[in-house]
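Listed features, source TrEMBL:
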REPEAT    22-56  repeat 'PPR'
REPEAT    124-158  repeat 'PPR'
REPEAT    225-259  repeat 'PPR'
REPEAT    295-329  repeat 'PPR'
REPEAT    427-461  repeat 'PPR'
REPEAT    529-563  repeat 'PPR'
REPEAT    630-664  repeat 'PPR'
REPEAT    665-699  repeat 'PPR'
DOMAIN    845-937  domain 'DYW'
Amino acid sequence: MYSKFGHIGLSRYLFDKMSDRNEASWNNMMSGFVRAGFYRESMRFFNEMRGFGVKPSGIAFASLVTACERSEWMRIEGVQVHGFIVKVGLLSDVFVGTSLVHLYGNYGLAADAMKVFQEMIYKNVVSWTALMVAYVDYGEPSMVMNIYRRMRTEGLSCNDNTMSSVISSCVSLKDEWLGYQVLGNVIKNGLETNVSVGNSLISMFGYFGSVKEACCVFSCMGEHDTISWNSMIAAYTRNGLCKESLRCFSWMFNVHKEINSTTLSTMLAGCGSVDNLKWGRGIHSLVLKFGWNSNVCTSNTLIIMYSDAGRCEDAESVFQGMVEKDMISWNSMMACYAQDGNCLDALKLLATMFYMRRGVNYVTFTSALSACSDPEFATEGKTLHALVIHFGLRENVIVGNALVTLYAKSGQMIEAKKVFQTMPKRDGVTWNALIGGHADCQETDEALKAFKLMREEGAPMNYITISNVLGACLAPNDLLEHGMPIHALIILTGFQSDEYVQNSLITMYAKCGDLNSSNNIFDRLTYKNASAWNAMMAANAHNGHMEEALKFLLKMRRAGVNVDQFSFSECLAAAAKLAILEEGQQLHGLAVKLGCDSNPFVASATMDMYGKCGEIDDVLRIIPRPADRSRLSWNILTSSFSRHGFFEKAKETFHEMINLGVKPDHVTFVSLLSACSHGGLVEEGLAYYDSMIKEFGIPAKIGHCVCIIDLLGRSGRFSDAEIFIKDMPVSPNDFVWRSVLAACKIHGNLELGRKAVENLLKLDPSDDSAYVLYSNICATTGKWEDVENIRRQMGLNKIKKKPACSWVKLKNNLSLFGMGDQSHPQASEIYAKLEELKKMIKEAGYVPDTSYALQDTDEEQKEHNLWNHSERLALAYGLINSPEGSTLKIFKNLRVCGDCHSVYKFASGILGRKIVLRDPYRFHQFSGGQCSCADYW
């Protein structure tokens, strides 16, 4: 009696005063300790019992095993007790055997639970149910159903706990039809009136979106307990019917007259979104009012709610305020950190769990592994992999899936495949993780091979599978061979109506260069959601139609579809590529108005837009303070400084980032090496490349190699460049040989230029830049016959040179100029201004460099041709139409001509104007007769 009321001290006092004790006395005291949560004391009491020479009974052993199970940190002791049970021959006791099944199941060791179960001579319905619960907790619902079938084959009747486990497994398997079959068994066994089973059925129907059926079960129940009401509220909540769940809560309060912490927890579960967070905060107030904030379950749900709503700080506040925490509390907080991208906080929490000897399970490791998916934490991910093996969880499907995802997201596809191949069981998530990993790593053949194998093995595919395999089709030659056959399969299998698949098809066709098909799919959509509009923006941007991408944003708003962070990110990126500042500013203003500017993706895209539009001051204005900057923010700042010619600032930014403990990634080093290349910092660039590999453990990718080749080529170190190309860890691509060609033009290296052209044309015979750059080298070195041969060859192969053009935007007018353009309404004024400018700068010492005139004519004609260059026409137009003293911004689609660069320098000095010229590679900021590039570009 005393122990049942929690007065364990009084129980022990009475026990000690007993002059005569029998077996029941010892058993009652033992179960009292366990019931009161004194698990270590129960172990000591057991040893005391043996010291008195009392032979422990099956009941005593069952109580002791239960103590080891409930403590969450007495697994080793439990195994030792198991050994003792075998030694004394009590494994045949059904209660002892069942308690051992519970023990191993609770610690996530379902295979060991099965081993004990198979060794049991006698089994009852509780034993079978305990094994089912073990596999439910282990995340193996298919095993639960197998055990249930075996149990029925052996003719055993099921109880309410059995059916509840089976029904919950139907939910885990996402098999609604199986759920209806189990419902038939429930009726057959006469359990349809059982409150517990009815509650499980309401939960099942709620999960499958069958709210009407859940209401029917609820209405037909002769008796409702608090769980029944909670299950009904949960059904509404799960299906996004927040108002209905609030009405049900009100009805429960008035009719049932009783609510508990689970009721409020269930209500909170439906408020984990930005839109419903206000209701969640209101229910949080009720929790405090009723004093249920000390309830572990309620606090756990609060953590999950704030986490789902993106309020990690609020979740952390609830967690830290909890007096008592269970495994779900720790796992939920860890999942919150993982979702928020706080890998270090997640790992610190895991370390604290180990330090405090808290129990861990497959959910713990799944959250920890998902937090380490960034390549930066590859080492930590491998450490977690080792811990998974240590804790015996390597065969768990969910943990295996998390490991495949971890390695795939960090680009370690060899490791991902190893985990995949060693998994004893795989599900659809496993295959999706592998296919998605290959697609993200642009391993088209491997992704399609995995997809084919998945179909051969009969694994069920879903919309994620289809989206992933479509994402592996990246180039025009993939379309006919893979993309279109997959589209045919989509129609055959009925996936064409899925919204995610539709958007993936739009993206796939666009990436493969067939924008018309993307438009056709979009136009045929009955319902166009935000994702579809975003997919079309991205499709147009991918194919170079930036203006169309921006127009889609206008159409989207006119159609009444709310723009989101992805819409802004795409359009800000398009504005950045077009270098249209005013439109970029308007987008920024709209993002602020709609409250999207704080989104990290939008904030980063905004900074990048200002950087690429020449507004470095705006980048510095909106970038977070150093302590709060993400790695992406640091990368954008480094890139902006590099692009604007502030090479020393780019280096300082990199070192400041390192000093604050932010690890650089491959993008950081591309920006840094680019700064060194354009700044002529050869030795420093080579040192950074070396430290990237050796100190930071970042493998060299093609982008880094292009920067180093550019660095060596610009400085005339061609032999070093050739050795580097020969030894580089990746195969040279078109960017590599184009960099070599550009360097050969600067230094007039005809021999190496010819070799670079040959390699470029092997990669792409229709590459116009190969012909043009080599033609320019020949022209610069006076090889006019070779120039004519190259131009003749281009004509025979129907290859046209990309025409140079420059443009200026003043107010709302965009003026575009080509070479020797006479079509502009102000053409006569423009050429008159050029003559005026020519006279002024010649008086100041300008001498034309006719080597940049790539035609075989006399010097006078060459000079005349130079003054017809598009960037000079744009300069003259800008000087005529912009206020004196204002900064003039001019853009060019090709690299600026060296002689035009000199003209701009002279003009900035004589006219006292700041002129900014942006070409595809960088910004040239002219002021006082000097350029930010220091004539090295």
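Count begins at 1; order follows the chain as displayed.
Just so you know, glycine gets a Cβ as well, placed from its N, Cα and C.
Because TrEMBL annotations are produced automatically, they should be read as predictions rather than curated entries.
Outside the repeat 'PPR' (630-664), and at least 6 residues removed from its termini, the chain residues within Cβ reach (under 8 Å) are 376, 600, 603-604, 607-608, 610-612, 614, 616, 619-620, 623-624, 671-672, 674-676, 678-679, 681, 684, 692, 696, 698, 922-925, 931-934. Helix first, then strand, then coil: DSSP counts for the repeat 'PPR' (124-158) stand at 27 helix, 0 strand, 8 coil.
Taken residue by residue, the repeat 'PPR' (295-329) breaks down under DSSP into 26 helix, 0 strand, 9 coil. Across the residues of the repeat 'PPR' (529-563), the predicted structure has a mean pLDDT of 93. Sorting the repeat 'PPR' (630-664) by DSSP state (H, G, I as helix; E, B as strand; all else coil) yields 26 helix, 0 strand, 9 coil. Residues of the same chain lying 6 or more positions beyond the ends of the repeat 'PPR' (124-158) and with a Cβ under 8 Å from any Cβ of it are 94, 97-98, 101-102, 104-106, 108, 110, 113-114, 117, 165-166, 168-170, 172-173, 178, 185, 189, 191, 361-362, 396-398, 425. Within the same chain, residues 2-4, 6, 8, 11-12, 15, 63-64, 66-68, 70-71, 74, 77, 88 sit at least 6 positions outside the repeat 'PPR' (22-56) and bring their C-beta atoms closer than 8 Å to a C-beta of that stretch.
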